[in-house]
Amino acid sequence: MIANQAAETPRKVPFYRHLYVQVLTAIVAGIMVGNFYPDLGASLKPLGDAFIKLVSMIIAPVIFLTVTTGIAGMADLKKVGRVAGKAILYFTVFSTLALAVGLLVANILRPGAGMHINPATLDPKAVAAYATNAHGTTAVSFLMKIIPNTIVGAFADGNILQVLFISILFGISIAMVGDRGQPVVRFLDALTEPMFKLTAVLMKAAPIGAFGAMAFTNGKYGIASLINLVMLIGTFYLTSLLFVLVVLGAVARCNGFSVIALIAYIKEEILLVLGTSSSEAALPGLMAKMEQVGCKRSVVGLVVPTGYSFNLDGTNIYMTLASLFIAQATDTPLTLADQILLLLVAMLSSKGSAGITGAGFITLAATLSAVPSVPVAGMALILGIDRFMSESRAITNLIGNAIATLVVANWEGDLDRGRMTVRWPGNQRWTKFNNKMFKLERGFRAPTVDVDCFGAGPAQP
């Protein structure tokens, strides 16, 4: 009996076996190699590229299986539209808030003031390729690109929105044929588990990819290259941190979970993004963790992939902050009307950045091209440091989409609180701590973890 109990007791995993420890160690090692042996570091770029390609290889099938089985399993097809509508509402509100926060911080800290750059002295050729690409990305062309030429082509290109489009239509079609579609659902369900197992296997190569990517970045660009524009970089990182902790922290609290606990829960994915500068690298792992923590697969399958195109909080902060930096650096005065126009244009242009290499910089070019007040040539000022801000953009986007998934699941009553308690005990500890601090600071009873500020009703058991 005792022997059986001992056999059932799981052994404690050594700290060095945890993926986040391995990735963090690899990042530090990559920085050191790139700093002390820059030529060697620059030559290690293929390691990071290879890992991103490995992960990109499985993104399309993971999305297809998750979305299709999730929608096909819905008894009420109206729920698909309801979930999608709530997700788009959330994306619109918080993407706009991210743009507004970027504007506010740029006006207060003024990171570009005092540079007195003459736009005529800048080389417009340095950003010509980005501007050309941006001009080709209109709202109509973006919507047309969602529809693939062929089903196979969408998977071959790895276009997230096209795969999502096919998955939604196929899932609805399976649900419409009723019982005759159940063999297909069972087959796809059987494929889902080994696909997520493959994801876990590929994640074991994350430390190698992070090491190569960080060694290349530090070896090629160097730390000294940050000095002249460190104010902009620091302002962007600070703004992203404040947005996550204050704005997203508030909406998390209103929906019964802690943003700090969430960050701890997805730390492996955050470190992976930090090492590779690609939020897509963490997409399969994020989808798996959101489902494990209690979100229904149907919600996860709709919200996470869609959020990667429509809920880019980090990119939105970057766009307005960088736009005002360029205006301040070139002594270009912007009235309140100009800044409102910038905000409105950015709201539209930010929705067309999915599937584009260098999406943040290209989207910035698209925004400035439509706002005559800010010189597009001024983008040459930040071209060299854009790479150093990509990590913060990607991490903020990742956290924003994780919170969006939990919030929409809570609004729909599709968040299993019992499962969350078991799978995510850290959330209970942080929430209780926050409630105690709230009582001490405010002098009245703090909301419990079941509080819902958005009228979605009590949390589901």
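Cβ atoms here come from the backbone N, Cα and C positions, even for glycine.
Remember, it's a predicted structure, so these values are computed and weren't measured experimentally.
Look at Swiss-Prot and you will find 20-37 (among others) tagged as transmembrane segment, backed by sequence analysis. When Cβ-Cβ distances below 8 Å are used as the criterion, the transmembrane segment (20-37) is approached by residues 44, 206-208, 210-220, 222-223, 267-268, 271-272, 274-275 of the same chain, each at least six residues removed from its ends.
Annotation comment: Swiss-Prot describes 52-74 (among others) as transmembrane segment, evidence class sequence analysis.
Counting residues 6+ beyond its ends, the transmembrane segment (87-109) has Cβ neighbours under 8 Å at 231, 235, 238-239, 242-243, 247-248, 251, 302-303, 306-307, 310-314, 316-321, 323-325, 328, 339, 342-343, 346-347, 350, 400, 404, 407-408 in the same chain. According to Swiss-Prot, the feature transmembrane segment maps to 87-109 (among others), an assignment based on sequence analysis.
Residues annotated as transmembrane segment in Swiss-Prot: 151-173 (among others). Below 8 angstroms of C-beta separation, residues 56-57, 59-61, 63-64, 66-72, 77, 80, 145, 181, 280, 301-302, 305-306, 308-309, 354-355 of the same chain, each at least six residues beyond the ends of the transmembrane segment (151-173), sit close to that stretch.
Long-range neighbours of the transmembrane segment (194-216) within the same chain, counting only residues 6 or more positions beyond its ends whose Cβ lies under 8 Å from a Cβ of the stretch, are 19, 22-23, 25-27, 29-31, 33-34, 40-52, 54-55, 58, 61-62, 65, 268, 271-272, 274-277, 281, 284-285, 288. Residues or ranges marked as transmembrane segment by Swiss-Prot on the basis of sequence analysis: 194-216 (among others).
The transmembrane segment annotation in Swiss-Prot covers 226-248 (among others).
What Swiss-Prot records for 340-362 (among others) is transmembrane segment.
Sequence annotations record features per position, and here Swiss-Prot assigns transmembrane segment to 366-385 (among others) based on sequence analysis.
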Tertiary contacts of the transmembrane segment (52-74) (same chain, 6+ residues out, Cβ under 8 Å): 80, 154-155, 158, 160, 163-164, 166-168, 170-172, 174-175, 181, 184-185, 188-189, 191-192, 195-196, 198-199, 202, 205, 209, 276, 278, 280-281, 283-284, 287, 291, 296-302, 305
